[in-house]
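For reference, the structure is listed below as structure tokens.
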Amino acid sequence: MDKKVTKIGVLTSGGDSPGMNAAIRAVVRTGLYNNLEVFGITRGYMGMIDDDIVPMHSRSVANIIQRGGTILKSARCKEFYEFEGRKKAYENLRKHGIEGLVVIGGDGSFRGAQKFATEFDIPCIGLPGTIDKDMAGTDFTIGFDTAVNTAVEAIDKIRDTADAHDRLFIIEVMGRDSGYIALHSGIATGAENILIPEAKTNIEDLIASLEDKQRRKKLVNLIVVAEGDEFGGAEEVAKVVRQRLPDMDTRVCILGHIQRGGSPSCIDRLVASRLGYAAVEALMEGRHNVMIGIINNKLHYTPLDLAVKAKQKIDKEWLKIVKILAS
Ligand code: F6P
């Protein structure tokens, strides 16, 4: 039988995402409500190794639900890849009496948690916190909704200037391995083409569709490219387009890290609050080494090893819809 947890730790790891603060707040306040001691660990696994671990109180998480970034800060930690690093981290957690851990992050962070939890007797609960939405076992990841809305707002602005000058804009959005931000923001802004890592980019088809639009005097064109598209980013695509269609007035805009910041959307705050609450309940119920997600509005528990292996699949029907709607 699992022993009752009385002290838990929470950390954020990997690329930050809007809503991480709302998740921290929910973990801290749900823990305190249940008479648990809650510790905040700064800079992800780095803080575990460096013993940067502090008790959290209700006021420690006041006035953060609306803030982007993460008050616990985040980092990618090479030392945690090594057993020695993980052992040091474990010893520090034990020193504080921490018996359960909530890890808010993406697949890299869960890989670390999975390894740690199989070597040491500290149960880990993962909450999907990434703007990339590249995790199986959940319909939502904390931060995706805000990031995609940031991209939509920016692309709408680009459309104004594109229209004023009859230009083609090739816009690069984030997504090292995932096309979700590109797909959602591209559809929502009426992009002509969307290039994502999950679908092979046929540059000849792209050129043909631009030529067709030129013939039909469709002068405003927006192409949204995920940074991880196998053809390359926006600059690579622009190089070919400029070579093949020199008459087209082509510009590149890389949205970059603005997609990671900003005040979280209502959806991200709700998802983060619900998941943070659920993470504490899960630790108290004796669950371990699972990622908690939401599928069809119900909590869904995926073993950490599966959560890091499986990817969310993109429905290719969307790409067909893009072509039809942008005609
Ligand atoms: O948060 C995920 C992500 O935004 C990827 O899409 C992107 O490639 C990466 O983070 C960049 O992160 P960093 O600049 O922190 O290395």
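Backbone N, Cα and C define each Cβ position, glycine as well.
Among the candidates Arg59, Arg159, Arg244, Arg251, the residue that TrEMBL names alongside Arg25, Ala26, Val27, Val28, Arg29, Gly190, Ala191, Glu192, Arg216, Lys218, Leu219, Val220 for the ADP site is Arg159. In TrEMBL, the ATP site is described by Arg76, Cys77, Gly106, Asp107, Gly108, Ser109, and among Gly15, Gly19, Gly31 the residue recorded at this site is Gly15. The number of other Cβ atoms within 10 Å of the Cβ belonging to Gly190 (ADP binding site), over all protein chains shown, comes to 14.
Between the two most distant C-alpha atoms of the annotated substrate binders (Thr130, Ile131, Asp132, Arg167, Met174, Gly175, Arg176, Glu227, Arg251, His257, Ile258, Gln259, Arg260) there are 33 Å. A straight line from the CA of Arg25 (ADP binding site) to the CA of Thr130 (substrate binding site) spans 17 Å. Under the DSSP three-state reduction, Gly108 (ATP binding site) is assigned to helix. Shown are the binding-site residues Gly15, Gly106, Gly108; of these, the residue with the fewest other Cβ atoms within 10 Å is Gly108. The subset of binding-site residues (Arg29, Val220, Arg260) lying with their Cα within 10 Å of the Cα of Gly15 (ATP binding site) consists of Arg260, given in sequence order. Around Cys77 (ATP binding site), taking its Cβ as the centre, 22 other Cβ atoms fall within 10 Å, counting all chains.
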